[in-house]
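Structure record follows, encoded as structure tokens.
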Amino acid sequence: MIRQAIARVVEGQNLKESDMIEVMNQIMGGEATPAQIGALIVALRMKGETVEEITGAARVMRDHATPVRVGRVLDIDREEINLDQETMAAVLDTCGTGGSGTKSFNISTTVAFVVAACGVKVAKHGNRSVSSMCGSADVLEALGVHLDIGVDTVERCIAEEGIGFLFAPALHGAMRYAIGPRREIGIRTIFNILGPLTNPAGADRQVLGVYREDLVATLADVLCRLGCRRGFVVHGMDGMDEVTLTAPTRIADIREGRYSLSTIAPEDYGLQRCRLEDLAGGDARHNAELVRGILAGEAGPRRDIVLLNSAFALVAAGKADSIEDGMRAAAQAIDEHAALAKLNALIRMTQP
């Protein structure tokens, strides 16, 4: 099937979701050669990936991922009750596509601790750096979080502390067949888009940052098809894959299978604009210091952008009714050192 798919995409034809599912199953099953994988993803990039193609690929990656179970089970002799199903507890992810090129610090990773401190279960999906100086896995490792842990430990972190890190290479083993072609090609492809769509914990609430404005509506449509209950897809007009403070942000607001588009500005929430340099990061050690400083209460643009993005996450998780309420809750979580406590708890629970 993959040879026929390559031929069709090269001719500018779109693949149906069912076709993409068949092709991705070949790739994930080790039945496609590196040359075929490389040809397909480059052809898709040149044509432009469609909603159906991305959705089909995401479904297969989800099916092949090692599942992380976030439900806590209560045994009351007569039966077991999944507490998360019964209470409809939200599970949130703050994973973005990366690739913005803005060299900012790890905003969404910092947000994860703030949101967890506000009572949201966070299944933070991430990886090492691909296009930036420091990915989420890099900064967490520099902070003291161990990445080489079993799924049972990740599940326990989420159950007991409300936050766990889902290290993509450990949970997407079938992706090993695409690693070589991706590395050798060296350009953004559909796989850069798929990471945030394939959380192994099945997070149904999400704030997803994207590196291109046209991906806002595309990935909002994909998330709706994949069952996202509430979420936002965001793109800063300065290039950031976050809600930004230096420019307006394009946003897709997802609610129960539908989405609406809007543009917001920092001033809408009483925040001052800043420069990209004010949000800059560095290597893993430097970014770890920045994260600790923010969670310890340091003021400035970095704190402000964390508060703003945390607010969107809290609205997505159903913990805040408005962005303003979310910002107040996030500020309280930081100022009372609850967010810092979540970081320290994750470090402690992941020690060998």
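Placed from the backbone N, Cα and C atoms, the Cβ positions cover glycine too.
Going by Swiss-Prot, these are the annotated features:
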- GLY96, ASN127: anthranilate 1 binding site (BINDING)
- GLY96, 99-100, SER104, 106-109, 124-132, SER136: 5-phospho-alpha-D-ribose 1-diphosphate binding site (BINDING)
- SER108, GLU242: Mg(2+) 1 binding site (BINDING)
- ARG182: anthranilate 2 binding site (BINDING)
- ASP241, GLU242: Mg(2+) 2 binding site (BINDING)
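Structure coloured by features recorded in Swiss-Prot.
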residue : record                                              : Cβ within 10 Å
GLY96   : anthranilate 1 binding site                         : 24
SER104  : 5-phospho-alpha-D-ribose 1-diphosphate binding site : 29
SER108  : 5-phospho-alpha-D-ribose 1-diphosphate binding site : 26
HIS125  : 5-phospho-alpha-D-ribose 1-diphosphate binding site : 28
ASN127  : anthranilate 1 binding site                         : 18
ARG128  : 5-phospho-alpha-D-ribose 1-diphosphate binding site : 17
ARG182  : anthranilate 2 binding site                         : 20
ASP241  : Mg(2+) 2 binding site                               : 28
GLU242  : Mg(2+) 1 binding site                               : 27
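Geometry remark: HIS125 (5-phospho-alpha-D-ribose 1-diphosphate binding site) versus GLY96 (anthranilate 1 binding site), CA distance 9 Å.
In the three-state DSSP scheme, SER108 (5-phospho-alpha-D-ribose 1-diphosphate binding site) is classed as helix. SER108 (5-phospho-alpha-D-ribose 1-diphosphate binding site) sits 8 Å from GLU242 (Mg(2+) 1 binding site), taking the CA atoms of both as reference points.
Nearest Cα neighbour of GLU242 (Mg(2+) 1 binding site) among the listed binding-site residues (GLY96, SER104, ASN127, ARG128, ARG182): GLY96. For the binding-site residues SER104, ARG128, ARG182, ASP241, a Cα-Cα cutoff of 10 angstroms around GLY96 (anthranilate 1 binding site) retains ASP241. Among the binding-site residues listed here, namely ASN127, ARG182, ASP241, ASP241 has its C-alpha nearest to that of SER104 (5-phospho-alpha-D-ribose 1-diphosphate binding site).
Across the structure, ARG128 (5-phospho-alpha-D-ribose 1-diphosphate binding site) and ASP241 (Mg(2+) 2 binding site) place their CA atoms 16 angstrom apart. Cα separation, ASN127 (anthranilate 1 binding site) to ASP241 (Mg(2+) 2 binding site), rounded: 16 Å.
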